[in-house]
């Protein structure tokens, strides 16, 4: 009986405490102050940080109106591990320890885990996953915005095809744009405007004879011939070769110069940064093809020749914002994926950092009361971060553990079972295995060209099948929550526009 009385007394005390907020909580609720009370003693800094983050959450707005504009940012292959490592990398570039840092979009407050499987694969590719985002359906691996298992029948003039967000926006009179650091005909950007059963059909020379005979059109041709609404207003990226003939240094077999056709239809065509910035003030639709294949990694980019992802994003928003009816824009950091396939963590993180800067720039250019911004990845990679490194350990370096005596003293690199040091970042699959002899140094590990080790030997590092994260801000961003199917993102965007599932 005494035990029951004690339990009742504890419960009464707990309920009383809940009913009467302590002064700290009341101050937070009333003012949203970052530090409602001064904390002293052990753990004070962590209590202050926790209270500050609580205050931030209590004051986050919920925008329940309709979106006039939508911007979808996709970092190809940006797994959760990539975000964590990029956060630390960016923080360390700013002179911080790194772990306490946030990338700009991580502060938005609305996020969800997104399931990435495709219609026929547990671990997907970019074609199927980007199709899910752009059309609201899942399809099979390798397919670009077509229904699952549909092949050559998609090329018929009366073929049933799922409309993409960009097509639906054009049908409603909105301005539209596609930006990518990959080839514009590559899988992710292509899902915005093209419909093909095989992602490899970037140019006519890549299509089999039976596809040509069936009337199929390659992806580059579909971009230039896009005829929904008044056409795409802006398309910026790499992949010039798919638009030019072999005689002009391209890959086309049909003798067509698609860049000339774009200009003949009244569009502006640019091939370098200065030309893009000059064209930004014009009214003509802009096609920018800055490289023959993919654009350079951010770490290797010539700033006088190629625009950065941030610059392309800013030009796109400036141009599309002129339309009184609103706009739809898709922006892809395509080369995060390519660096991961090569197990080169440095370039993956540098491109992820540039991706974050482009997002920050975009958020500053628009009115978030009328613009929904969604940030996500199409899929992840077998990229890992492990080994018990000390706080502030260089993210690209060898693992140096915390000092045993809890001091700030430096410690030697921690050895693996073979007695040799290893890096914090690595890959489960990939082309670079641990050498038979020789110890890795910190200088070697932090070299921009170093390729992290992988456990399972493959010619190219593979995608992963775990969930990716979606972040959102703006109208209806609160619907990005919990664990969700990837294709549900399409339906959230559709709802934010107020299209009503038409």
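Here the Cβ of each residue, glycine as well, is placed from N, Cα and C on the backbone.
Remember, TrEMBL labels are computer predictions, not curated facts.
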- Which of 76, 90 shares the Zn(2+) site with 337, 341, 378, 379, 463 per TrEMBL? 76
- Note on the structure: Of 126, 186, 188, the recorded positions lying within 10 angstroms (C-alpha) of residue 378 (Zn(2+) binding site) are 126, 188
- Tell me, in order along the sequence, which recorded positions from 126, 186, 188 have their CA within 10 Å of residue 76 (Zn(2+) binding site). 126, 188
- Among 126, 186, 188, 332, which are recorded as recorded positions, the nearest neighbour of residue 341 (Zn(2+) binding site) by Cα: 126
- Note on the structure: residue 341 (Zn(2+) binding site) has its Cβ surrounded, within 10 angstroms, by a count of other Cβ atoms equal to 22
- Query: To test your reading of the Mg(2+) site: which residues beyond 76, 186, 188, 332, same chain only, put their Cβ within 8 Å of the Cβ centroid of those residues?
  - Reply: 74, 126, 130, 180, 182, 187, 189, 333, 334, 337, 378
- Say you check the Cα of residue 379 (Zn(2+) binding site) against those of the recorded positions 126, 186, 188, 332; which is nearest? 126
- For residue 188 (Mg(2+) binding site), which residues in the same chain are close in space, meaning a Cβ under 8 Å from its Cβ, but six or more apart along the sequence? 74, 76, 126, 127, 130, 180, 182, 332, 334, 378
